[in-house]
Each structure stands twice: as structure tokens, then as C-alpha cells.
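Participant: According to TrEMBL, the record shows the following:
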type: REGION; residues: 1-102; note: region 'Disordered'
type: COMPBIAS; residues: 7-18; note: compositional bias 'Basic residues'
type: COMPBIAS; residues: 26-65; note: compositional bias 'Basic and acidic residues'
type: COMPBIAS; residues: 66-77; note: compositional bias 'Basic residues'
type: COMPBIAS; residues: 91-102; note: compositional bias 'Polar residues'
type: COILED; residues: 125-152; note: coiled coil
type: DOMAIN; residues: 164-350; note: domain 'Splicing factor cactin central'
type: REGION; residues: 363-390; note: region 'Disordered'
type: COMPBIAS; residues: 375-390; note: compositional bias 'Basic and acidic residues'
type: REGION; residues: 445-464; note: region 'Disordered'
type: DOMAIN; residues: 522-645; note: domain 'Splicing factor Cactin C-terminal'
Amino acid sequence: RLEMGDHKKRKKEKKRSRSSSSSSSDSDRGSNFDKRLLEERKKSKKDKKVEKQRMKEEETPEEKRARRLAKKMRKDQKRQDAQSALPDNLEYTNTNNPFNDMNLTQTFVWGKKLEKEGKSSLTEKQVERENRDRIKRNMREMEELKRSREARLAAREDMEVMQRDADRRSHSDWQKKDIEFQLENAKVRSRLRIEQNRAKPIDLLARYINFGDEEKEKKDDDDFELEDPSVYLKGLEENDYEDLIEDIKVYISVTGTRHVRWWKDMAVIVKDELNKYRESRSDRSTVHSAVSKDVSNIFKGKTMSELETLENEMKRKMGGGGAGTDLSYWSTLLDHLTTHMARKSIKEEHDVKLKEKLRRIREEQMKDMEDDEEEKKRKEVKKKEEKEKRERMVNVIKPKKGQTTIEWLESEEIDEGERETRWRDIGEEETERITIELYERGSYSPTYGKENDTMPGIDIVDEDDDDKDLLRQRLAKRKSPAGVSAGSSEVDAAMSSMAGAIEEGETEFGGEVQLEGCKDLWTDKYRPRKPRYLNRVQTGFDWNKYNQTHYDQDNPPPKIVQGYKFNVFYNDLLDKMKAPTFRVIPCDDPEFSEIHFKAGPPYEDIAFKIVNREWEVNHKFGYKCQFQNGVFQLWFQFKRYRYRR
């Protein structure tokens with residue numbers, strides 16, 4: 001055991017000696033490196049000093065003065081930075097700051113505040129330290145505010161971008177709706193011009209190309225005669241052709257891709273017709289007639305694909321521009337080819353529309369035939385049902401043995417006298433029974449017959465057409481009741497004379513109010529009717545103090561109602577010695593009232609809604625209330641109130 005212990009001790013001593021030797025060697029190497037580094041630094045510092053001394057010896061007096069001044073400024077700046085209460089990142093100096101403070105970098109000591117806070121015992125350095133800490137806190141808070149402001153600005157920019165995208169999408173929808181609105185207005189204008197027999201060529205072309213569209217109602221195409229669109233271009237003047245070209249451009253822009261090829265072909269044809277018109281007016285032509293005929297023969301009989309191939313060859317030949325190529329000739333030939341292709345395309349489209357119209361006509365005819373067959377079958381079924389019903393009724397009321405029958409009474413083999421004798425001979429009970437049987441059979445109602453069974457010269461009127469004609473006659477009768485024609489010419493003459501006498505500031509007035517229906521005693525003998533009238537309302541400007549202050553002649557105030565002129569015609573009064581009367585009744589709205597005119601038979605009362613203001617009843621202000629030559633006139637103006645102190 002002792003030997004083992006000694007062996008362990010020896011191992012530990014060897015290990016300790018080995019570690020100490022290694023540590024000593026490491027320390028020696030480190031000390032040598034530090035020595036070399038220190039020597040290098042000293043050498044570099046010495047070299048810099050020698051170089052600096054050499055530069056000092058070689059510099060001029062001006063350079064020496066500038067060097068010393070710069071050194072002094074650096075020292076002053078360093079001293080000021082050491083004494084400054086501002087943080088390093090705040091680039092303010094005593095001479096450069098937005099507050100024009102020459103002592104900005106010096107620490108401001110607020111003695112009274114320090115005494116109040118119990119800090120009067122603080123040293124100057126402690127006060128400076130607190131000021132620096134406070135300024136740093138403020139700077140950090142300012143940086144946080146700046147970051148939050150930048151975040152808000154970024155969020156606002158994002159919102160603006162999103163809003164612009166939404167506006168762009170809505171604007172695209174609005175633009176699409178505006179185009180649809182313009183197209184619909186163009187269609188309405190075209191339809192109105194066609195209905196009023198003042199259609200332009202563009203209206204006829206638009207109706208032609210829209211023929212058979214599913215968007216259009218079927219009734220718009222029923223009375224339309226499908227003609228070759230080139231017919232609409234005949235007999236036009238130069239300005240008409242130019243207007244038509246511009247109208248076609250507008251239609252192409254608003255219709256988009258719908259029928260755009262057809263419109264472009266039509267524009268080519270219109271331009272060709274315009275060129276022909278100008279050549280005919282100037283008695284000169286760019287191409288001789290014989291040459292033009294030869295050119296037409298070249299294109300004649302070719303299909304659209306062959307013409308397109310020929311067009312591509314011409315363009316390739318013109319684009320090559322080889323020696324001896326006559327560009328003017330090929331350009332003219334290409335124009336003729338383009339016109340020929342446009343006319344051929346229009347003709348093919350016309351053939352398609354003709355086939356479509358023929359197909360629709362056949363479908364309508366087949367539908368009408370089917371409807372007629374169904375109606376015929378329905379009538380046959382109804383006739384059969386009525387016959388079965390009569391047979392059932394005959395079986396129900398079949399006469400007993402020995403009773404008189406209808407066939408015996410209404411036999412066609414006897415004359416009228418014998419028939420009356422047989423009716424007189426039967427008893428009261430038999431008469432009642434036979435009468436009921438005739439009623440049940442429906443002998444008093446006419447039966448349906450065929451159109452072929454009618455006598456020549458008799459017109460068959462459709463039931464719906466007859467009802468429409470009857471309704472139209474009733475409306476016409478209602479508009480011109482009995483008794484109006486007697487004095488209508490006089491009333492028309494008076495109204496025409498008064499209609500032309502419209503003064504400045506007057507407009508037509510027809511604010512008639514419907515009165516509650518009330519029948520007088522004379523309605524049993526005469527048909528009542530409303531009198532005719534020709535009224536005027538006087539409007540103008542009220543130049544009061546307020547309007548004189550806020551308006552002028554170039555920008556006038558709103559117009560107001562200044563008076564009325566009522567002319568009511570009672571030409572057919574039964575009692576002409578009794579003049580019509582009027583009365584003013586207030587309305588629910590205090591700003592308005594109703595004026596009622598009452599005359600007597602055959603005229604009903606009539607009322608108008610007017611402005612509720614006080615009247616001027618002096619003739620100097622145009623007041624008139626008279627009944628003369630069957631015309632009741634009531635003219636008046638409203639009072640004007642002047643401001644007075």
C-alpha cells in the first residue's frame with residue numbers, strides 16, 4: 001500500500017511539473033507577443049511624430065496658421081460637446097439651431113423649481129445628468145411618436161390604395177353602364193325618328209342589323225321589311241355621307257364587339273359611295289371606267305377565303321417594294337378589293353337575315369295552324385258536349401205517352417198558321433212543360449257556324465277587334481260629348497287668339513284640381529262636362545333688400561309667382577244672364593289655396609291650385625273680373641310688401 005501511495009504521489013508531482021512548465025511556456029510566448037506589439041506601436045507612433053515634425057518644418061506660414069486655427073476649433077468643439085446638455089444625435093449648436101439661442105448647449109438651472117422639488121442640494125453635475133436623462137427620455141418618446149406616425153401614414157396609404165382600387169372597379173362598372181345608357185338613348189332616338197317619318201340612314205341601318213335579336217321585342221320586327229342595306233345609301237348628299245361615317249364610328253364605340261365587323265364593312269361601303277359622289281361632282285375619276293370594270297371582273301365569282309388570300313398577296317407585294325412595283329396601282333387595286341369584300345360580306349349577312357326571317361315566318365305560321373287546330377278541336381268538343389247535354393235533357397224531360405212533343409209543334413212541314421193553331425190547342429200545363437224544355441235545350445241561344453256558311457257580303461269581325469273598336473268609340477265620345485260641337489269653333493278661335501298674346505314673364509298654367517263628384521238636378525236632361533280654359537301664371541323677380549344684396553342682373557334670384565290670368569270658356573250656358581262665380585278655399589298646406597269656378601248647366605265646377613297670398617283688387621294693378629262673350633276672365637296680381645322703418 002505504501003508503494004502504491006508513493007507511486008501516485010510521484011505521478012501527481014510529474015503532472016504538476018508538466019502543467020507548470022506548459023503554463024510558463026505559454027506565458028513566455030504571450031509576453032514576447034506583447035513586447036513585439038508594443039514595439040510596433042512605439043515605432044508607428046515615432047514615425048507619425050517624425051512625419052508630423054517634417055510637415056511642420058516644410059509648411060508655409062499660412063498653412064501653419066490654418067492648422068492651428070482648425071486645432072483650436074476642434075478643441076473648442078470638444079469642450080462644448082463635453083459641456084452640452086443635448087444628446088449626441090441632436091445636431092444643434094449654439095450658432096445653428098431653430099430657436100436662435102446662443103446658449104442652447106449650456107445647462108439651464110431653474111433654481112426655484114429645484115427648491116420646490118427639494119433638489120436644491122444637487123450639484124451642477126447631478127443637475128446636468130438629470131437634464132440629459134430627461135432629454136433622452138423625450139427623444140425616445142419622440143422616436144416612438146415618429147414611428148407611430150409613420151405607421152399611420154403607411155396604413156393610410158394602404159387604405160388609399162385599396163380605395164383607389166375600389167374606385168377603379170366601380171369606375172369600370174360606371175363606364176360600362178354609361179356606354180349601355182348611351183346605346184339605349186341612341187336606340188330610343190332612332191325609334192322615335194323612324195316613328196315620326198324623319199329617319200336618318202344610321203337609324204335604318206341600326207334597325208336592320210338589330211333585326212332578330214333576342215333582346216328586342218318581337219313586335220318591333222313584325223312590320224319591318226328586310227331590305228338590302230345598300231338601298232339606304234342611295235340619294236344622299238356629301239354631308240349626309242360624312243355624318244353617316246361619324247355615326248357609324250359612334251355605334252362601333254358604344255356597341256363594342258357586337259356587330260363590329262358589319263359596321264366596319266358598312267363604313268368602307270359608305271366611304272366608297274362618298275368617293276364616287278365626289279368624283280361625279282368633279283367630273284373626274286381616279287380609275288377609268290373600263291379599268292374599273294376589268295377590276296370588278298377579277299374579283300367576281302371568288303369566295304371570301306380566296307379574296308382574303310388575294311388581299312394578303314397584294315399587301316406582301318406592296319410591302320416588298322421591289323424594282324418596277326407600281327405602288328399607286330396596287331394601292332388602288334387593294335382599295336377596290338377591300339370595298340368588294342365589304343359588299344360581299346354585307347350581302348352574305350343579308351342572305352342570312354332573309355333565311356332567319358323566313359324561318360320565323362314559317363314558325364309563326366305553324367304555330368297559328370296549331371292554334372287553329374286546337375281551337376277547332378275545342379269547338380268540336382264543346383259542340384259535342386252541348387249535344388250530349390241536350391240529349392240528356394231530352395231524356396230527362398221526355399214526354400209521356402199521349403203528351404205533345406216539341407217536334408210536333410215546331411215541325412218544318414207545317415206553315416206558320418198551323419203552328420200557331422197547334423200552340424193554342426195545347427193546355428196550360430203542356431205549354432209550361434214545352435217552354436221549360438225549350439229553355440233547357442238552349443234554343444234561344446244562337447249556335448256557332450262556319451265561316452263558309454256565311455252569306456256573301458257579310459263581314460266577320462273578330463270579337464277582340466270589335467271590343468277594341470267599341471272602346472275607342474267610347475273614348476272618343478267621352479272626349480267630345482254631346483253639345484260641345486255647337487260652340488267648339490268659337491272656343492277654338494278665342495283660345496287661339498289668347499294663346500298668341502303671352503306677355504313677358506307669363507307661362508301657361510293648368511294646375512287643375514279634381515273635385516268630388518256631385519250630380520245636380522239638370523244632369524238628368526243634359527250631359528255635364530268640364531269647361532275649356534286658357535290660363536296664365538305671371539312670374540318674376542322680387543328685388544327686395546336681401547336679393548339686391550346677394551344677387552345682381554347677371555345672377556338673378558329665383559323667380560316667384562306674381563299673379564294669375566284665368567280665362568274660362570262658357571259658350572253653351574243655358575242661363576246666359578247669370579254670370580259665373582268663383583270662391584277661394586284654403587288647402588291643407590297654408591302656402592296654397594284652391595280657386596273654384598261655378599257657372600251652371602251644362603258645365604261642371606272646375607278648380608285650380610294657386611299660391612295663397614293677398615290680391616291686388618285695384619284695376620291699376622291689372623285686376624279684371626268680367627264675363628263677356630261667353631268668356632269668364634279673372635286677372636289679378638299679388639300684393640308686394642315693402643320694408644319700412
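Every residue gets a Cβ built from N, Cα and C, even glycine.
Mind mapping these onto the model and telling me what they sit next to?
Facilitator: When DSSP labels each residue, the compositional bias 'Polar residues' (91-102) comes out as 0 helix, 0 strand, 12 coil, counted as helix, strand and coil in that order.
Confidence for the coiled coil (125-152), expressed as mean pLDDT, is 88.
Within the compositional bias 'Basic and acidic residues' (375-390), the DSSP-based counts of helix, strand and coil residues read 16 helix, 0 strand, 0 coil.
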Participant: Kindly report the helix/strand/coil residue split of the compositional bias 'Basic and acidic residues' (26-65) according to DSSP, in that order.
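Facilitator: In the compositional bias 'Basic and acidic residues' (26-65), the DSSP-based counts are 38 helix, 0 strand, 2 coil.
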Participant: Is it possible to list how many residues within the compositional bias 'Basic residues' (66-77) are helical, extended or coil according to DSSP?
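Facilitator: So the compositional bias 'Basic residues' (66-77) is made up of 12 helix, 0 strand, 0 coil.
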Participant: Take the domain 'Splicing factor Cactin C-terminal' (522-645) and count its residues per DSSP category (helix H/G/I, strand E/B, coil), listing them in that order.
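Facilitator: Taking each residue of the domain 'Splicing factor Cactin C-terminal' (522-645) in turn, the totals are 12 helix, 54 strand, 58 coil.
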